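Annotated features in TrEMBL:
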TRANSMEM  5-22  transmembrane segment
TRANSMEM  28-43  transmembrane segment
TRANSMEM  48-65  transmembrane segment
TRANSMEM  71-87  transmembrane segment
TRANSMEM  94-119  transmembrane segment
TRANSMEM  139-161  transmembrane segment
Amino acid sequence: MKKTIIALIIIFAFISVIIRLVPHPANFAPIGALALFAGVYLPKKWSLILPITLMLISDIFVGFYDPRLMAVVYSCFLLTAVIGWSVKKNKNILTILTASLGMSVFFFLATNLAVWAFSEWYPHNFGGLMLSYYLAVPFFRNTLFGDLFFTAVFFGVYELIRLRLFKPIFTKEIKIRS
């Protein structure tokens, strides 16, 4: 099973980088879902290294931006992996769904707070902060759908493979009388 998870992580990582590089709806990306998946299935050290490495690789091609904002974005993915450590202890559909929704909301709140705080796009008052959040709602929708979609794909594919590899095809011999 260890080889299977490593192969899946490599495939999911490759897909994640490619999706960030090709045209796609803004914020509809798999990195958050992969960070959660890595937090559940990889050793702690690797679950932190993987999403940051993928972001750095893709940012080389997509372009770097304000380092303070990048630090917030990258930190959100690290926190998502850490959340995966908790999910691992009680892994089921509800905990995975809750973690996916929670990471989407946290990413939205943290990154838009950072955009408001570190840029000159919005007045630095409560109204400016609320405007930052209001204008980011379409991006939040894509983040939410992307996180839920890719979380379902990554965890679903893994569980299907796990069931197929470790569950006998026939669990009981059937005898037919004539």
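Cβ atoms are placed via backbone N, Cα and C, with glycine included.
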Criterion met for the transmembrane segment (139-161) and the transmembrane segment (5-22) (at least three Cβ pairs under 8 Å): yes
Non-local residues, at least 6 beyond the ends, that sit with Cβ under 8 Å of the transmembrane segment (94-119): 32-33, 35-36, 40, 66, 68-69, 72-73, 75-76, 79-80, 83-84, 86-87, 128-129, 132-133, 136, 139-140, 143-144, 147-148, 151, 155
